[in-house]
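Reading through the structure tokens given below for one structure.
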Amino acid sequence: MDQLSYQSRLIPPEEAQQTGCFTSLPIRIHPRNDIADAATAKFIADWAKHVGDGREKRTHFCPSRVGNWNSLLYPEGLPERLGSVSYLLDLGLIHDDVNEELSVQDAMAAHERLRPALDPQDNRKWDPESPQMKFKMLLSECVIECIKTDRELGTAMLKSFRVLWLDIAENATSDAPQTMDDYWDVRMTNGGMSVFWPMVLYATNLRLSEEQHTLVQPIIAAAEEALCWANDYFSYEREVWELETGKAKRIVNIVEMVSRTKGLSSAEAKAEVKRMILGAEAKYCRLRDDLLSSNPEMSMDLKRWIEYIGLSISGNHYWLSACSRQNTWKTNCSIDGKINGLTNGSVNDTNNRSVDGVVNGTVDTGIEEPSTGNKDTSLKALKLLFNSTPNESHPVCRYPNDKLSDYAMVAPMTHISSLPSKGTRSELISALNVWLKVPPVVLGHISSAIDMLHNASLILDDIQDNSPLRRGVPAAHVVFGTAQSINSATFMFVKATEAVRSTLSPAALEALLRGLQTLFMGQSWDLYWKHNLQCPAEGDYIRMVDHKTGGMFVMLVQLMAAESPYYGASVIEDLERLMRLLGRFYQIRDDYMNFSAYSAQKGFAEDLDEGKFSFPVVCGFERDPELRGQILAIFRQRPTSGAGEATQLSRKVKEHLIRCIAASGGFDETLKCLRSLENELDTEIAELEKKLGQVNPLLRLCLATLSMEGCEKICW
């Protein structure tokens, strides 16, 4: 490993040994420990601001007298990435502290509350005061930073937090493990190892192939043993003390298991675990040396990765030996320094008890058995029905005025509502409310109305575009028929209007009606151009988008503004401008992505099937007259089904048109436009944050999830 260069400082062994550290591996510390400490300070302040439960005053975080945990775990990490991984690790510490005080079931619920904050694509609606929304506010800035810094590695790291940690952590049985294999299974689910390695890769900006990951996996396994055993070794006394004082519900520790299963005293069990730690480190070194000697042409990145694994082992060990997290409990011991429960060599898990979840008794189904009536009575009833005299009223006259079932009405609505959603609207509502502060109940009414309007417009759009798919699923009119779907969509507009009238202010109703007129006006021109095979000029297309797509976003702002007491007309005008820009970005992005892999959810280049003049086509027309002739000729001859509906163009025809658009520069101009709009949106958000005196991480997160940064250029 002499070929490698280091930015970190080597810790002298004699210095490390003063803390009780006994690792056999070299220890290094990041030169910018101040960045990691600053991230911890920010996390503590943010937790107090957004969560406010006082937990930040009781948790021991990453800083220590020998250095920040992150500076020792990622000594070769990029300085600009050290802050974000430090922030996330502090989150892990405070979250683990909470879970140690909970039962397994309650810990799982705590994981569930945190999960949405780590998912940039989460589009569920959360009450502003809910734990989920508090966590989203807490983590939005960090999530944005990770994605913007490195979309690939940042997204992978966040996904590992969400999927590999939250989704499986604490799902293990609460029974005390009896064998090493049992214990290792528990540690792999709640120890966070699956999350740690993506953090190292992100911090160090290393990208490895699947083959390289597989090659180094045995080394990773040895490292995980050393990391876990060291954590258990240095945390054992603290965990016992917390269990016996009621501060924790359970203990999961290899020292406890060795003591319990082998009948050893605590001191003997710790000595055994110490040998296990050194054995795991020796195994890492042996596997490392074997791999290097058998692969003399190994890439420098893979060599770095193997070295960084070892530095994580030693850095973790050193920090554990000195950090306040594992040592401050000592000040709470009894005067003679003894810890209750350590003398008999075992600690019982107070949470290891069975729960009788069976409720005795019968279940009433609510269904009665049919009675056996008299046949004669039934026959008399039939005779009365079919042999009635003219003086008797017909049964039709006697039918009660009962309401019809609403199944036929709501079925298309239910179908469209059940489909996967991009979640932009719900994310945008939460983001705008950071500034507008609409009360939660009122915000729920606005959100419900917007959802109905949006779903109604989707049903009509699919009908008007002859689109067979919506999010990869048959569109509503394909399942329920065009006429029924139109009827259902129209009813949704009426229902949304009634909901606004009955639950919101007159100003909100006025905003809704004005917004609906704008939406229909924009849609009319989109349909007109398609029907008349008339390609609009770029300016006309943007005005249509401002009415159709931007109109929905502007209407949302106006509805929220009507219910917000905080800001005047000038601020609302700024927000409306921001929404119009967002509408342009959103629609043009959708036009561009229709020609990319995203289109698989709707159908490959479906806009061409519909004869739609999307933005890339408009740009191509303005730059290449020859393209105009070819596209118009093909659109004019589009095949139709027996019902008069357009059918798909052949793939070869589509590929030809896409090559023409690419050759004309239509895709390049579209991508250039999108990047300019994204920068403009970022500037507008910054100006609003300055004007309103409040940053809006949720709005920036919303923009980051739509970002075109790193988007592949369409080339044919």
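Glycine too: its Cβ is placed from the backbone N, Cα and C atoms.
Since the structure is predicted, the reported quantities are computational estimates derived from the model, not experimental observations.
Residues or ranges marked as substrate binding site by Swiss-Prot on the basis of similarity to another entry: Asp96, Asn231. Annotation source Swiss-Prot lists Mg(2+) 1 binding site at Asp96. Summarising the annotation, Swiss-Prot assigns Mg(2+) 2 binding site to Asp96 and lists similarity to another entry as the type of evidence. As annotated by Swiss-Prot, isopentenyl diphosphate binding site applies to Lys422, Arg425, His454, Arg471. Residues or ranges marked as Mg(2+) 3 binding site in Swiss-Prot (evidence: similarity to another entry): Asp461, Asp465. Summarising the annotation, Swiss-Prot assigns Mg(2+) 4 binding site to Asp461, Asp465. The annotation dimethylallyl diphosphate binding site is assigned in Swiss-Prot to Arg470, Lys548, Thr549, Gln587, Asn594, Lys602 on the grounds of similarity to another entry. The annotation region 'Sesterterpenoid synthase' is assigned in Swiss-Prot to 4-328 on the grounds of similarity to another entry. Sequence annotations record features per position, and here Swiss-Prot assigns region 'Substrate' to 187-190, 235-239. Under the heading region 'Geranylfarnesyl diphosphate synthase', Swiss-Prot lists 329-711.
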Integer Cα-Cα distance in angstrom, Gln587 (dimethylallyl diphosphate binding site) to Lys422 (isopentenyl diphosphate binding site): 13
Three-state secondary structure, Asn594 (dimethylallyl diphosphate binding site) (per DSSP): coil
Binding-site residues (Asp96, Asp461, Asp465), the one with most neighbouring Cβ atoms at 10 Å: Asp465
Spatial neighbour of Lys548 (dimethylallyl diphosphate binding site) that is closest, considering only the binding-site residues Asn231, Lys422, Arg425, Asp461, Arg471 and their CA atoms: Asp461
Separation of alpha carbons, Lys422 (isopentenyl diphosphate binding site) and Asp461 (Mg(2+) 3 binding site) (Å): 17
Euclidean distance between Cα atoms of Thr549 (dimethylallyl diphosphate binding site) and His454 (isopentenyl diphosphate binding site), Å: 10
Residue counts (helix, strand, coil, in that order) that DSSP gives for the region 'Substrate' (235-239): 5 helix, 0 strand, 0 coil
Secondary structure of Asp465 (Mg(2+) 3 binding site) (DSSP, helix/strand/coil): coil
Residue among binding-site residues His454, Arg471 with least C-beta crowding, 10 angstrom cut-off: Arg471
Distance in Å spanning the most remote Cα pair of Lys422, Arg425, His454, Arg471, given for isopentenyl diphosphate: 16
Per-residue Cβ crowding (10 Å cut-off), top of binding-site residues Lys422, Arg470: Arg470
Candidate binding-site residues Lys422, Arg470, Arg471, Thr549, Asn594, pick with smallest Cα gap to Asp96 (substrate binding site): Lys422
